[in-house]
């Protein structure tokens, strides 16, 4: 494996990006993918103390919904650390994730507009109300999917597309679907959605050759908002590094 | 009952887009596919969460 990796951002924002990495082995690429899904810890609500819940949902259902709301996770937390959040909403109204009040200014719901529960008026004329305290805990994706910072993280080989000639005059034009990112003969990187994932749109009437570029992987990284894409990738790498160091230390003579 | 917070299959947070989807595609007259594209709900696993959802809170609340 190469000592240095060549990393290139193809397209992306804070929540979603395509990143090209050259010089990886398939095993390491998969290791990085798995680290981003299961080994980068995030904060998620795990326990509730319910003061009042007269909504149409059971406490447990509210707890599940709150757990799935992503919380911004700074990197100075240790496994098992907790943050307390509170929710107090009276109907007729809808309780949103943005109504959660956090005891830590760095830990907040990443999305403010996720509806938790709609509160109406009871048949007896009272307003439904929800009041609770929630405990968010730092843990990783191995314990529960809600603790995973990565959403649909995956990779594909970078494919090189070269024109080898013209299509035969009487050959049928068939669609040539390819998804991911291609490298053209001039070394240009083109995401396939620019030509509707169909190579015949980009190279009409040409005969093409498509081959994998060895050791080049295009990662598609999307986060739930608990951290930026960059942060997720870096923390994934840190996690691999710290485990490799630990192994080295343990087997050292 | 309420729109699920996340997509069952991939885990993307989709709950935040429900109210806009409901206003524009269910109650409004826009094309649901175009609204979902506009909201950034691209994968078909996430799209079925929105398309197949039915809010039941108002139906259930008289039976508290």
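Cβ atoms are placed via backbone N, Cα and C, with glycine included.
Database features, via TrEMBL:
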- B:7, B:10, B:45, B:46: Zn(2+) binding site (BINDING)
Of B:10, B:45, B:46, listed here as binding-site residues, which sit with their C-beta under 8 angstroms from a C-beta of chain A?
B:10
Within 10 Å of the Cβ of residue B:45 (Zn(2+) binding site), how many other Cβ atoms can you find? Include all protein chains, please.
16
Out of B:7, B:10, B:46, give me whichever of these binding-site residues has the highest number of other Cβ atoms within 10 Å.
B:46
DSSP three-state call for residue B:45 (Zn(2+) binding site): helix, strand or coil?
helix
